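What follows is a set of notes on a single structure, which appears directly below.
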Amino acid sequence: MSCPVIELTQQLIRRPSLSPYDAGCQALLIERLQAIGFTVERMDFADTQNFWAWRGQGETLAFAGHTDVVPPGDADRWINPPFEPTIRDGMLFGRGAADMKGSLAAMVVAAERFVAQHPNHTGRLAFLITSDEEASAHNGTVKVVEALMARNERLDYCLVGEPSSIEVVGDVVKNGRRGSLTCNLTIHGVQGHVAYPHLADNPVHRAAPFLNELVAIEWDQGNEFFPATSMQIANIQAGTGSNNVIPGELFVQFNFRFSTELTDEMIKAQVLALLEKHQLRYTVDWWLSGQPFLTARGKLVDAVVNAVEHYNEIKPQLLTTGGTSDGRFIARMGAQVVELGPVNATIHKINECVNAADLQLLARMYQRIMEQLVA
């Protein structure tokens, strides 16, 4: 199958860019963008490679994505080696095919076609690419955004190429994401012998009523755009492994995926009040991974919906479900942010794959979005 989108996707898959290492992917993208007149600024931080590229001036539409991938797992369980792209029955297999090297290829090819047809486009077309999205995300998009904001860089619209679709390309478009807040909580007791409980203080017993009340809380009911806030306990650890020792500490880690009905400070206050109510001795550490954001109907959402309807003849759902994405950082710039990418059924799995025809379709959608916003 000869198609510039498929060929570029295959070239990217062959580069084993395990997060946060880029493995030469960005050099390939930069070469293609510079060839059509983009100015490229590398913005590397620690072991992470990033670049910001732009062409033209004025109202700015950026395409954002990541070159890094998650580990492939047991390579013997793949139908072909994970970094050797293979097409079978119209499906392109390889780590990163759907998340998100296919999107990157579609973006670049769309830009090439757009520039060829609109060499003097009236707005500015940009790319924000990182190699640190799948791992810590500490030195990736967030650092680039901070640098761009420090110099008052303009960003009006941003399309993130995350695999948003469920069954066919464009059936779901993400126009926002929930916030993510993690609590690392240690309940302190007194270690002792299980035969002498009066000489100890069991933190597991102490914490049980608190945890029961915590999991029963209805945090909110969501709203028109967001599902209700959810809280899930992810890890609990206590004890020495011995059956005759009362533990001295209990560690509990729980995560909130929260809507715009709450702030992280509201959640923290409610948890701390509950700890005090149960008279627990504790230490607590919070990690805010991202605030919730929402892009209401406007020029970007309308352009994306138009592109999907034009090429796939379906009306996309606008959803905010799922995990976090780098869109949470880009939204800080005041930009309208939307995610549109391929079907996500196999992301992070053994035998990750994407319909090759979907990538060709995605490139056409991306080009139509460019034409509506910056031509």
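A Cβ is built for glycine as well, from the same backbone N, Cα and C atoms used for every other residue.
What you are looking at is a predicted structure, and each value in this text was computed from that prediction instead of being measured.
According to Swiss-Prot, the protein carries these features:
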ACT_SITE  D68  active site
ACT_SITE  E133  active site, proton acceptor
BINDING   H66, D99, E162  Zn(2+) 1 binding site
BINDING   D99, E134, H348  Zn(2+) 2 binding site
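Of the listed recorded positions, namely D68, D99, E133, E134, E162, the sparsest Cβ surroundings within 10 Å are found at E134. Cα of E162 (Zn(2+) 1 binding site) to Cα of the residue listed as 'active site, proton acceptor': a span of 11 Å.
In terms of Cα distance, the recorded positions that sit within 10 Å of the residue listed as 'active site' are D99, E133, E134, chosen from D99, E133, E134, H348.
Between the listed binding-site residues, namely H66, H348, the fewest other CB atoms within 10 angstroms of a CB are found at H348.
Between the CA atoms of D99 (Zn(2+) 1 binding site) and H348 (Zn(2+) 2 binding site) there is a gap of 8 Å, rounded to the nearest whole number.
With respect to H66 (Zn(2+) 1 binding site), the closest of these recorded positions in Cα terms is E133, chosen from E133, E134, H348. Here the residue listed as 'active site, proton acceptor' is positioned 13 angstrom away from H348 (Zn(2+) 2 binding site), judged by their C-alpha atoms.
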